[in-house]
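Participant: To start, I am sharing the structure in question, which I have written as structure tokens.
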Amino acid sequence: MENTYLTKKETLKINEDTYLITLENINFEIGQFLMIETNKLVRKPFILGTWDGKTAISVQIKGKGTKHIVETTQTLKAHFPLGNPFIPPKGKGIVIISPTCLTLANLMTEKYNCDVLVGSKTPLKIKIPFDYAIGDEYFAQKIDNLNTYDWYLISGSKSMEEFVLSKIDSPNVFVSLEEYMGCGIGACKSCAIFTKNGVKHVCTDGPIFRRDML
């Protein structure tokens, strides 16, 4: 794990409250994340991905910490790479996400044979090369008419993930969990979850888990 300062390259507005930030390129694998320190010295986790050939993250403004990350022109103190890499099963898959995971989905399409469906509650402010649905009703229609895939990766809000999981009947369903993380290395135990194999920690055992293990 590295602890270093990362230079922000560009900040793009995805929708009403979510931004895409490109960074200087770093080494990481699909599924891993970084922790960024805010001006309050609180660490915030963000799944790593790519955009326009650069390392990138998506940040939803939820409070002062995430607002600082989006608005600051200074370098960001980050800890990375954290978590376990994700390798999907063989065949064609689909990545179903909220805008907070847009850069992960983009990286998945660069490495694997997969489609992407983005569900956003508010209109998008940037052009994306993926299928998308604006509003809960249209997103639900998209999910109901989804083609059959060899595997599914779901990453978004807990309510979105629960809805999609209720609609998909497949053994190869994977979920990227967004439980609160305090440290990112398993020390604080704040991201503990109960699984069929006992207590696991999202930061060190995930963040991506098979649905049938939860």
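The first residue you see is number 1, and the count goes up from there.
Using the three backbone atoms N, Cα and C, a Cβ is placed for every residue, glycine included.
As annotated by TrEMBL, [2Fe-2S] cluster binding site applies to CYS183, CYS188, CYS191, CYS203.
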Participant: For the recorded [2Fe-2S] cluster site, enumerate neighbouring residues of the same chain (Cβ within 8 Å of the Cβ centroid of CYS183, CYS188, CYS191, CYS203, site residues themselves excluded), in sequence order.
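Facilitator: Close Cβ neighbours, site residues excluded: MET181, GLY182, GLY184, ILE185, GLY186, ALA187, LYS189, SER190, HIS201, VAL202, THR204.
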Participant: Just counting, how many other CB atoms are there within 10 A of the CB of CYS191 ([2Fe-2S] cluster binding site)?
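Facilitator: A count of 23.
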Participant: Starting from the Cβ of CYS203 ([2Fe-2S] cluster binding site), draw a 10 Å sphere and report how many other Cβ atoms land inside it.
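Facilitator: A 10 Å sphere around the Cβ of CYS203 ([2Fe-2S] cluster binding site) contains 27 other Cβ atoms.
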Participant: Same chain only, sequence gap of 6 or more: which residues have a CB within under 8 Å of the CB of CYS183 ([2Fe-2S] cluster binding site)?
Facilitator: MET35, ARG43, SER190, CYS203
Participant: Across all chains shown, how many C-beta atoms besides its own are within 10 angstroms of the C-beta of CYS188 ([2Fe-2S] cluster binding site)?
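Facilitator: Looking across every protein chain shown, the total is 15.
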